[in-house]
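Read the structure below first, then the notes.
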């Protein structure tokens, strides 16, 4: 430095300037240094060996940049003349992406060496992160993204199938209110059991294999349910359809996260969440396009009917089928394979990822430099003996979940999951039910009431709708080829009447006397007659099912509400994806839940259908950021050996909270909206505050 100072002693720059420039050169040389030339050793001879050196017990790792020469620091100061002009060879402060990657690895290496003892799992996680960084993010991840996105889309569609098909399905099956409620409940029960079962299986037999089996069950059950004619068979197949698709969420996020490097994990897992929104849009769009065409279809006698809603059920299985086809071309997670000591298979898959990405980027000459990956030793943990001595498989699972080191994280995550699911799914049911209630109130306000009318020898050849007839007398009248919707006869007399080709909906005879009357080819079965006295009355060719179809029965507003609610999620999805890695998971979850709690208070000002739809869109758009943050932080909190199991357990609890929330919120429709709003607000506030107790994981290597 003295020599250079004397050489430039012409006064053009002072000594401090030169010192500053020399410091910059030193920083440059440290960044360019090979982070793997400083190897570290573990005392255990059976461990990983020396990291950064090719060896029998380690994995060889070669960097693209050789270690710099000792005089590299002075080289970067060259390129200056006496006027201190900058030449091409001088460091200009814009590091190459590979230099940033090398600096990041150097920092992690320094942090590792500062730890006295590192477990094999932690060391494997660090090494795996380095390999994934070298593989890059490109064509392979985007291909897997599309395939797993379709699987997540199938999960979203499953939540909408019954809700959209039910108004038409109840005509074919003549479902009571209790049966309709059970049909909506059974899907969530199936998804709850599916998440619990497939999440645990994915940690034992593999992510890809379990996802293929789960989606196959969903597709087969959905196909059979579309042809089921009876209520019992339909609800049975929908249960198994839910069990199949219930495994998609815990497996999809665990699977995809294990192919992502740390600095891209939060963003791309958030982009993956967008497929849930796409599923809702897809379901509402095809429901609007298919179901209202109720007249389309065919029948084989009175025993087999195939109407448009059954076509809708079939079309809803297409995302799951597409995901199944795509999975046939995807490999297993190498992180899972390493956990199960399948070194060679993991190496081949990682090489495939590396080569696929760099060929697509126009750099086919890049060589996969990993020669070996040391798998962790299979050793008995501290509770292995307790597990082995426990009898059944379920008891062993309980012991493992209770004693594992993740139990504290479950205790924090579980209440947060429950609070968000209780509020979100409760309001998801409350919004459309409130709209239906307002529609019903408006419809009921227009009802026509007839008192004590007496009609003799009259031919009713026009439809009856939204009417109540009290104390009437109908003598020798004919009701032929007409439709009755929301018609009620109370304390009336029918004598020598004739009913033929009647289609009805919500039509009842209560406390009536019916004498010498014939019912031919009608759907007026005995459940429609409440406390009625029958005298010499005959029923011939009674129709099975409810065959009435009014255009209003399949109001487009039902599908529009769902479509707008799903579309409103788009801005929240984009914002959460762009800022997940910038502001962190904890702030994203807590902020989203607290803002969502504030949004629920505006529901007190909702007095019309348009206002309810507007607040629903706002709530969905804000709360989706919390969902994305929870999905991301869940896969980052748990190690690979327990990730899918823990995620499945949390997701199963989520469905249980959804059942509880939807049942409670629905029971207050038409009574009061104060209780649902206060319950939702309290749950979201508690969940947002609990989120602050979670550890931040954006700078954490995936274990």
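Even glycines carry a Cβ here, placed using N, Cα and C.
TrEMBL entries are annotated by machine, without manual review.
Looking at 406-431, 432-457, 458-483, the stretch flagged in TrEMBL as transmembrane segment turns out to be 406-431. At the 8 Å Cβ cutoff, the transmembrane segment (181-198) and the transmembrane segment (311-330) share fewer than 3 close pairs (sequence separation 6 or more) and do not count as touching. Remote same-chain residues near the transmembrane segment (210-228) are listed as 151, 154, 158, 161, 194, 198, 201-202, 234, 236-241, 243-248, 251-252, 255, 306, 310-311, 313-314, 316-317, 320-321, 323-324, 327-328, 644 (criterion: CB distance under 8 Å, separation of at least six residues from the stretch ends). Counting Cβ pairs closer than 8 Å and at least 6 residues apart in sequence, the transmembrane segment (144-169) and the transmembrane segment (311-330) reach three or more and so form a contact. A contact between the transmembrane segment (311-330) and the transmembrane segment (268-291) is present, since 3 or more of their C-beta pairs, 6 or more residues apart, lie under 8 Å. Contact check: the transmembrane segment (557-579) against the transmembrane segment (647-668) gives fewer than three Cβ pairs closer than 8 Å, residues 6 or more apart, which falls short of the contact criterion. Long-range contacts of the transmembrane segment (613-635) within the same chain, counting only residues at least 6 positions beyond its ends with a Cβ under 8 Å from a Cβ of the stretch, are 253-254, 257, 265-266, 269-270, 273, 277, 413, 416-417, 420, 424, 427, 431, 435, 561, 564-573, 575-577, 580, 585-586, 588-589, 591-593, 595-596, 599-600, 602-603, 606, 643, 646-647, 650, 684, 687-688, 691, 694, 697, 702.
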